[in-house]
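*Asks:* Feature table excerpt (TrEMBL):
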type: ACT_SITE; residues: Lys220; note: active site, schiff-base intermediate with substrate
type: ACT_SITE; residues: Lys274; note: active site, schiff-base intermediate with substrate
type: BINDING; residues: Glu259; note: Mg(2+) binding site
Amino acid sequence: MAAPPGLRQSGTTLTLERVSSPSFPAIRMRRTRAAPWSRALHAETRLAPTDLIWPLFVREGSGLEGEPIPTLPGVSRWSVQGIAERAQEAAALGIPCVALFPNTPRELRSPDGAEALDADNLVCRAIRAAKDAAPQVGVLTDVALDPYTSHGHDGVIDARGRVLNDETCERLVAQALNQAAAGCDVVAPSDMMDGRIGLIRAALESEGHQDVQIMAYAAKYASAFYGPFRDAVGASGVLKGDKRGYQMDPANAREALREVALDVAEGADSVMVKPGLPYLDVVARVRDRFDLPVFAYAVSGEYAMIEAAAAADMGDRDALVLETLLAFKRAGATGVLTYHAAHAARLLG
Ligand code: PBG
């Protein structure tokens with residue numbers, strides 16, 4: 001039997017013939033990969049602490065001790081005083097921005113989420129503390145009613161439990177103004193109501209907050225990856241039903257481009273895709289189509305997956321963290337919201 005093409009037979013041994021093709025051996029892809037200096041020089045994508053936004057949970061009470069969140073091992077809820085310390089830590093690590101999420105005490109939650117409009121609520125106090133402690137660090141706050149409603153939805157509901165769009169938008173506008181008055185730098189509407197970006201932009205302009213940015217959660221999917229976050233803000237126990245009536249269907253990507261186009265037209269300064277890793281195709285398509293900054297949120301369930309793998313000895317935590325964050329950059333993200341921000345910044349530092 002003749003040896004297959006490219007192989008030479010002698011006795012029972014087959015050896016590779018020295019073949020050449022139009023590309024090989026002239027082109028050897030491994031040349032530029034061979035040495036660390038060369039890999040460093042040829043990297044198309046780089047990750048730095050300045051790519052990161054650090055989400056932080058705020059609790060009532062005093063003390064600098066973090067309150068652990070069982071489903072988010074390594075992440076804690078901090079007192080207002082603790083948030084000030086975290087903001088300083090962000091500054092020291094070169095992280096440009098923190099995102100604040102309150103765990104509102106049960107007794108302050110109501111059907112209409114009125115606590116969101118209180119000028120002295122938990123998140124407003126945390127904004128002031130963070131800006132006092134580290135004025136150079138950006139403070140981003142979520143605009144949505146779920147940490148404040150007794151039913152756990154992002155808006156107000158009717159008798160049948162449907163989230164009412166226009167009534168909710170009115171409250172979101174007031175919530176955004178409340179956060180802006182407390183001194184936040186970026187409001188990030190995460191509620192997925194229609195028309196809210198334009199309404200919030202107009203209100204910020206007319207109330208003297210023209211420099212407050214809007215980062216629109218433009219393509220936010222109804223995802224199973226938000227579970228630990230809902231534990232962290234105390235919404236899991238209270239949420240009735242699901243959010244599929246307003247958050248996007250994971251089946252859809254073209255619809256995400258329509259969502260982004262609308263938020264751009266309404267005045268968003270930047271847009272976000274969320275969750276992150278399972279939706280990198282959406283990040284890449286948004287990056288291709290639009291010229292404004294696009295952020296991705298590596299959500300709580302994504303964080304939990306890496307931590308669970310590392311805890312079970314099924315992966316190298318540091319390597320998983322850095323590789324996933326780099327993947328966001330490769331897909332075209334301007335930056336990433338990640339609970340691993342401080343850890344990653346330390347690794348990169
Ligand atoms: C609130 C909000 C959610 C997240 C960010 N803002 C939860 C939700 O929509 O139910 C999820 C973040 C995460 O899982 O890390 N609207």
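Backbone N, Cα and C define each Cβ position, glycine as well.
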*Asks:* Which of Lys220, Lys274 has the fewest nearby Cβ atoms, counting only those within 10 Å, among these active-site residues?
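*Replies:* Counting other Cβ atoms within 10 Å of each of the active-site residues Lys220, Lys274, the minimum falls on Lys274.
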*Asks:* Counting across all protein chains shown, how many other Cβ atoms sit within 10 Å of the Cβ of Glu259 (Mg(2+) binding site)?
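*Replies:* I get 23 for this one.
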*Asks:* Which whole-number value in Å describes the distance between the Cα atoms of Glu259 (Mg(2+) binding site) and Lys220 (active site, schiff-base intermediate with substrate)?
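*Replies:* About 9 Å separates the two Cα atoms.
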*Asks:* Would you kindly give the Cα-Cα distance separating Lys220 (active site, schiff-base intermediate with substrate) and Lys274 (active site, schiff-base intermediate with substrate), rounded to the nearest Å?
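*Replies:* Counting only the Cα atoms, the answer is 5 Å.
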